[in-house]
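Below: the structure, in structure tokens.
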């Protein structure tokens, strides 16, 4: 008789076939809501349909079902992303001058779109050099493809097809994990396992495989390209992977294989895993060998991090323990209870993630120009400006989204009965002190930062330049910023002896790097003008935070409306008979926060655009004479409001205003059209609901007279709907206007 130990029970973490796949149900508009599914009585129905289609909280209160819907929707989102990527690569393969650009990136502009001559708009196809006519693109894809070692259009086709396959796979996964094998709630809440897999898998193995690709494919191919070898002569990627001798010709240590790794003689690999700092003078980008080294190091860190959390083996950290041990001398229960919040409220979790990702995106914006990662990126001024602007906008939206979901969490998921004296409770209990102090800071910053400009405008108008705040009169030098710049510029000889150059040329010290007579990067001087505009940045950011934080901290209750939580996330007013309680919902704070986010980002991208054109971007002659695009006028012009209007907005708008009849004319039309979209938003923001209801009723009367009245009764937009439409057009109109202004300018002069 054989005695066996009892088999360990495996936890079943999925439900099989929980929900049947029904096209009939999907075809019924509003199938997720009993009220909406009845069909339209009034035109408000279509608005409610859109507002609630993805508000899974309103479909059901079952957390497991909500989690499954979100999980499934994420696969749908990934599918769309793969489809978009595939389109980008397909355009590169089918409609672009990528191969020509690769052979001469300094004189040929990147283009991946050719306009068909339907009604004479082939004027939009400008000459980008090399005999190619098309629209100049500023997405940075060409530079990224070169960095990853793509040398011909066939490779782009293959990648595009691969992305389509992945898009289909994701679409299937979204259906499968909702209808066939849907994870149980416990699976979504198993944070340690999730951390291990995401850290070690996505970030660790992801970085490791990218480092491997760079070492075995990108580095050798880029070395050939930098040496001027014709792309058609360069061996194909698989040849480098399969034939070690090929690599050994470029990097002799490859002949030794993995021996130096196992014998800890790692310095052998210093040929292709470097620690140089600074920029490659041939391409004006970071050294690709530095980037490979970086990804290898990151991979090691995340592979270790992915083994830190306690799962089936009883060793490692437990998130709950970490959070509950986190107590300070003044924070009561500290983070106790936070674990429960973050595993039962996806809004709280999402809020945290959006705040982090938004901040990270803005960090990316600042690194893309100061440490340009791809070859020939730094000298493509249109792409530099686009990447900075794009990442700033995205970061701003994500941070506002963080506040939005924090407020939704407060209204829908926060349970005050179980929370006592933990960190969140303590913050809520002294919210008045927080908000009033923050308000004071905003007033101080606003008056002082704007006051400095007003002083300068006044002195300038009175003809008293000696009494202005400027580098040549009363100096307000940003001494702390300059100190940070100097510390970093001196780091290679002092605090980072292993590096040969500082991390970024912008810190100072180093010489400028120019590629093909164009400036890639140089030390950026900071002066009084930067000091002034930086305080405007501080002001706009603090006001944005004030609005958003007030929305979160007063989402459930306030002195004005103690029972706000019962009214929900968005509501127009606290019922009839209570004047002065309109526009106080958490949603309204997000609405107002969006406008200030727009203010903040606009000042940042204007500052960046002008500063770079004035002090960094430009050309260098054979004699070594440096000429900047706007000739260094930032320091003296941007210190007055009038200077911003005259020498930045007006002077630089000439290209977009005069673009008609040229290949940039689309930007002129967008500039006009986006101004209209923006102005259209004011109609929604400045007029009341009753005005439109009256107008509609008189129009309906006319229709009834002619017996053409519709069955669905027309209604004016609700207050919240009107404001939503208003802010959407305001932001889209403003962003598209800025886009047209920036690109027409920089493509014409850059």
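Backbone N, Cα and C define each Cβ position, glycine as well.
Feature annotation (Swiss-Prot): of 433-455, 456-478, 479-501, the stretch labelled transmembrane segment is 433-455.
Taking Swiss-Prot as the reference, the stretch among 291-309, 310-328, 557-575, 614-632 described by the feature transmembrane segment is residues 291-309.
Between the listed ranges 195-219, 220-244, 245-269, 695-719, Swiss-Prot ties the annotation transmembrane segment to 195-219. Looking at 589-610, 633-654, the range annotated in Swiss-Prot as transmembrane segment turns out to be 589-610. Residue 582 ([4Fe-4S] cluster binding site): 13 other CB atoms within 10 A of its CB, across all protein chains.
Comparing residue 675 (chlorophyll a' binding site) with residue 683 (chlorophyll a binding site), their Cα atoms are 13 Å apart once rounded.
Among the listed binding-site residues, namely 691, 692, the Cβ with the most fellow Cβ atoms inside 10 Å is that of 692.
Burial estimate for the binding-site residues (573, 683): highest at 573, by number of other CB atoms within 10 Å. Contact between the transmembrane segment (433-455) and the transmembrane segment (531-549) is supported by 3 or more Cβ pairs under 8 Å, counting only residues 6 or more apart in sequence. With respect to their backbone Cα atoms, residue 683 (chlorophyll a binding site) and residue 692 (phylloquinone binding site) stand 11 Å from each other. Counting Cβ atoms from all protein chains shown, residue 675 (chlorophyll a' binding site) has 15 others lying within 10 Å of its own Cβ.
Non-local neighbours of the transmembrane segment (346-369) in the same chain are 66-67, 70, 377-378, 384, 387-388, 390-392, 394-399, 401-406, 408-409, 412-413, 521, 608, 612; each lies 6+ residues outside the stretch with a CB under 8 Å from one of its CB atoms.
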